[in-house]
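Encoded as structure tokens, the structure appears first; notes follow it.
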Amino acid sequence: MLTDEYVKKVYAQVEKRDGDQPEFLQAVREVFESLQPVVEKHPEYEANGVLERLVEPERVVKFRVAWVDDSGKVQVNRGYRVQFNSAIGPYKGGLRFHPTVNEGVIKFLGFEQILKNSLTTLPMGGGKGGSDFDPKGKSDAEVMRFCQAFMTELSRHIGQFTDVPAGDINVGAREIGYLFGQYKRIRDEYSGVLTGKGLEFGGSLARTEATGYGLCYYTAEALRVLRNDSFEGKTVVISGSGNVAIFATEKAQALGAKVVTASDSNGYVYDPNGIQLDVVKDIKLGHRGRIKEYAERVPGAEYHEGCKGVWTVPCDIALPCATQNEIDGESAEALVKNGCKVVCEGANMPSTPEAIEVYQKNGLLYGPAKAANAGGVAVSGLEMSQNSYRLSWTFEETDAKLKSIMESIVANSLAAAKEYGEEGDLMAGANIAGFVKVADAMVAQGVL
Ligand code: NDP
């Protein structure tokens, strides 16, 4: 609940201005609820208008992306880049290509990114971008032409010291390659302007695995510190079958857990013997197929239409890795009823406010996205460092840095929660720890 007068006033302003952006309002409200004890203790934040400025992006770029499909027809999509906050570093955040993309979705992701990037302890501001382009069913040549058209406009607004985009839903190695190539052609400049690049042209080892691995490092550390427990012998439900889900499955299995599900936007598979990841990789990374194929190939596995049912599968730990608001109150109740004790988020904002209430009421260990999935952007930050030094670290070196960053996020979140009377609350702790650093930098830099 919002009780602090300053916080209430700023939230009312956001509601008035951005009432048509429900995901953005949801993200702001959750953060504001955690920040009330902080602004009460620090009147300088109100005096410097920190919250008013935090919720208003420094810049929103919205542009036409016109391209020609394989049949020679002109197609027009919308492109976005929200440069949200540069108090602690250049704007940094991924690009999402999905038909559900609109300004409100990109703003919620950009807003979350400010605090997430701050939590990594690396010098990165918050940004996000994307397009309502749907790569499903498009040929490679169409995806390339779209990426080139998208970058032709985006290149005016980004740069290695200004704004460094990366991947997100439907933007993986293929798309980053095409985007990087077009930036290089237009600017005649070979720089680390994007992260998630191929290893042959400046990418970092362990970036592909980083979000999924990082999610498991975070969960393992939270389990150790708060429950004196581990992944060993646990049953895990994971949603999605993209980049984050695949590498979360890989690491959870390596840490001794049995992962029993995988899903996509059509449905989910349940494999009581444990998901065979090589089959999922072959389907998704090999030929961009549908997850249904898994049940056709693996004896004993079941396929169910509709992705929501995945939350009715009994488990100890749930790791949502698909998309926003994929767990509502009803799904959260089903998880609890079937024995789930831990929810850590690989996707951004996968739990509705009602679902979070259910976790809290039932004493689940809840690791919020902006902390639990920060591993991706953390290794993106390490990719930027390697590009600046013009060197590359080994997989082991980078993975060790990732693990230590995820462990420090758990420690810093718990310390911040304790300082503000929310002991053991990883959500409040992440919001507070991420915010304080950005807020102090904003105050120090004056009213901008
Ligand atoms: P991918 O495109 O690789 O995979 C996305 C997966 O989620 C696919 O299985 C997709 O199924 C499914 N999905 C997408 N939209 C929906 C939907 N509306 N309903 C149900 N399922 C859906 O993306 P990522 O794995 O990179 O991203 C997954 C989540 O993790 C996102 O929330 C993203 O913001 C977040 N994230 C990603 C990071 C990264 O480094 N990649 C970093 C931090 C967070 P289908 O193929 O059918 O669309």
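Cβ atoms are placed via backbone N, Cα and C, with glycine included.
Please treat TrEMBL annotations as automatic predictions, because they have not gone through curation.
Annotated in TrEMBL:
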| type | residues | note |
| --- | --- | --- |
| ACT_SITE | K128 | active site, proton donor |
| BINDING | K92, Q113, K116, G167, S380 | substrate binding site |
| BINDING | T211, N243 | NAD(+) binding site |
| SITE | D168 | site 'Important for catalysis' |
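In terms of Cα spacing, the recorded positions K128, D168, N243 all stay beyond 10 Å of S380 (substrate binding site). Distance noted between the C-alpha atoms of the residue listed as 'active site, proton donor' and Q113 (substrate binding site) is 8 Å. A strand conformation is recorded for K92 (substrate binding site) in the three-state DSSP classification. Ligand 1 lies under 6 Å from the Cβ of D168, T211, N243, out of the recorded positions K92, K116, K128, D168, T211, N243. Remark: K116 (substrate binding site) has G126, A369, K370, A371, N373, A374, V377, G434 as non-local neighbours, by Cβ distance under 8 Å and separation of at least 6 in sequence. A straight line from the CA of K92 (substrate binding site) to the CA of D168 (site 'Important for catalysis') spans 12 Å.
Across the residues annotated as binding substrate (K92, Q113, K116, G167, S380), the widest Cα-Cα separation comes to 16 Å. Annotation note: G167 (substrate binding site) sits in a coil segment as assigned by DSSP.
The secondary structure of the residue listed as 'active site, proton donor', as reduced to three states from DSSP, is extended strand.
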